[in-house]
Amino acid sequence: MAGFKRGYDGKIAGLYDLDKTLGRGHFAVVKLARHVFTGEKVAVKVIDKTKLDTLATGHLFQEVRCMKLVQHPNIVRLYEVIDTQTKLYLILELGDGGDMFDYIMKHEEGLNEDLAKKYFAQIVHAISYCHKLHVVHRDLKPENVVFFEKQGLVKLTDFGFSNKFQPGKKLTTSCGSLAYSAPEILLGDEYDAPAVDIWSLGVILFMLVCGQPPFQEANDSETLTMIMDCKYTVPPRVSAGCRDLITRMLQRDPKRRASLEEIESHPWLQGVDPSPATKYNIPLVSYKNLSEEEHNSIIQRMVLGDIADRDAIVEALETNRYNHITATYFLLAERILREKQEKEIQTRSASPSNIKAQFRQSWPTKIDVPQDLEDDLTATPLSHATVPQSPARAGDSVLNGHRSKGLCDPAKKDELPELAGPALSTVPPASLKPAASGRKCLFRVEEDEEEDEEDKKPVSLSTQVVLRRKPSVTNRLTSRKSAPVLNQIFEEGESDDEFDMDENLPPKLSRLKMNIASPGTVHKRYHRRKSQGRGSSCSSSETSDDDSESRRRLDKDSGLAYSWHRRDSSEGPPGSEGDGGGQSKPSGGGGVDKASPGEQGTGGSGQGGSGGTPSGTAGSSRRCAGPDSSSSSPASAAPRGAELVQSLKLVSLCLGSQLHGAKYILDPQKALLSSVKVQERSTWKMCISAPGPGPSADLDPVRTKKLRNNVLQLPLCEKTISVNIQRSRKEGLLCASSPASCCHVI
């Protein structure tokens, strides 16, 4: 203890930082302090021993002994005792809600009985615990009951007049406060220890429900007279049960007063938890309440913090010391328990409405697909392409208010083919029907203009395979209306500096999920996007009629061909060079012209771009091929709409091929489709158009089906490709009805 015996100079031996004063007494002052090692706030009762006489000194050490003895969740905990030559420091648990007297004074007519019952039951529970240990408080009053708002508890404090008693043996010391003291103490007679606390409990309950003390007159003499005569008036608003309990406790004759057992079993106190504190272990009354892992973790932190070695810590705990070692241990332990309790409360209090609010805030930029939604999808996702489920979105209630149309009618699920292993069998277009309107949709923007067009009848489409990827963090300022909905690949955690990686290592593809979307749902998405617009360079009046006609021909044959163009990460922004030539490349690079096929603009840098299209009339940036656009390639018969499935599955083929060390995405010797231009591995762009007849129409169906199945069996690698999907020249199958509806996926 030699290290602790320093004078008071704002700090206690460097162990506590003292702050403002919380209260003062005759011989003591209570200060707010911070435990230096743990950072926890505590209350420090500083007692000046030079002002104490022999009797007061005896009471002081009696208080310390009693507080060491009583360790209860409804009693303020004593952490440490620091004794110096002139002062005694008691390190106590800090209450955050003030005392009960101030709380009662804020309610002139008292608390409602339900709340009063809750607090009074906790006080009775604490006093009952003390009496079982043969400790009498002798100074029960609202000023010595402290609120702990974060824990929802009240706790007893100030055991300065407490003492040990033996059952059947009376005490003689007169102590306490006049307005709350029992008549026998004021008379100076011998008294039964538990009975004086029962009287004080009656006064506290009266104040809780009435808002004022039962015995309070103009002066102490009149107050003493009222106490001796036991005269008080209970307001008529107090219930009969509460009135009866008060009367049972405020009895002039101690032998007629109710015992603690009778109080606890009184009808008015039934139906209330006597101590909610028993549900938690804060404050921790024993180190044995901790798990072995938590116990060892705390000891390890103390050893590393040079508080003491392991043997000294264990010895201090086992001998129930009240020194800095045990104080540090219990403060650390209570922090762990408090954090655990807060997590449990947050988990229980997480309501669906709160989850919805968080979901809406993140809607415009990041669209998460909870794992629970897999049952609502018409295709079983690949085992390696899952999305981790967030606890905030674990419930089905997350979807309420955000989805109103479905991907698949549950009644139609039985019509889907069985999936065996990782392979996905080809689903014929006729096997899927438009989604039912009552089913919830996976992605839907809640906007009024979208709701107005939901009554449009969907047109049957072929089955489409959709790859979704979360958006890059660099695109978080994208407006809601321009947020991608379908046929897109999103990436989570993508940053701009990832594109500076080696060309053989494209940016990391974090998570992919393959699902089959309902044709009706797809059609509705594109129809709504027509009304929203996407900042296009094509007016909606130019193509609206043709687009409507193309939607009516969706079930007819469509010409599809597949062309692949290399696109480097250094590619410039749209319209950076050329006369409205759209997306361009620096001189010498493989530029790609994004003008429409019919109005080919200056592609990239013109003569410098090895991959650019021949220059022609200047076109607008990001132009789409309209139905009336002319084409240099003759149109002819093409594969059915089901070939659209194959086109998107080629994306998986490219992903799978990234696993191999070959230089090319597709082996030139084994390419099945002559329309697939073999390029070196890099970031890729896919265009679906109908420039002319494709030899894919003559492919062997068996080989084609085998190719599809093999594509879906290829595992996805940790790399990515960039896919740009453009609609066909005549059909507009992948686009909205508005002219500038290219689905740019970067």
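Placement of Cβ uses the backbone N, Cα and C atoms for every residue, glycine included.
Note that the structure is predicted; figures quoted are calculated from it, not measured.
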Query: Among 383-414, 447-478, where does Swiss-Prot put the label region 'Disordered'?
result: 383-414
Message: Can you tell me which of these residues Swiss-Prot lists as phosphoserine: SER518, SER738?
response: SER518
Candidate from LYS45, LYS49 that Swiss-Prot assigns to the same ATP site as LEU22, GLY23, ARG24, GLY25, HIS26, PHE27, ALA28, VAL29, VAL30: LYS45
Which candidate, of SER177, SER286, SER362, SER425, Swiss-Prot gives the annotation phosphoserine: SER362
Query: Going by what Swiss-Prot says, which of SER349, SER353, SER495, SER632 is noted as phosphoserine?
result: SER495
Message: As a quick check of your reading of DSSP, tell me how many residues in the domain 'UBA' (291-334) are helical, how many are strand and how many are coil.
response: 33 helix, 0 strand, 11 coil
Task: Quick one: of the recorded positions LEU22, ARG24, THR173, which has its CA closest to the CA of ASP139 (active site, proton acceptor)?
output: THR173
- prompt: Looking only at LEU22, ALA28, VAL30, the binding-site residues on record, which one has the least crowded Cβ, with the fewest other Cβ atoms within 10 Å?
  reply: LEU22
Query: Within 10 Å of the Cβ of ASP139 (active site, proton acceptor), how many other Cβ atoms are there?
result: 21
Query: Which value in Å gives the longest Cα to Cα span across the ATP site residues LEU22, GLY23, ARG24, GLY25, HIS26, PHE27, ALA28, VAL29, VAL30, LYS45 as recorded?
result: 14
- prompt: Residues near the ATP site, LEU22, GLY23, ARG24, GLY25, HIS26, PHE27, ALA28, VAL29, VAL30, LYS45 excluded, by Cβ within 8 Å of the Cβ center?
  reply: VAL46, ILE47
- line: HIS26 (ATP binding site) sits from THR173 (phosphothreonine) (Cα to Cα, rounded, in Å) at a distance of 19
- line: Quick tally, other C-beta within 10 angstroms, SER162, THR173; top of the modified residues is SER162
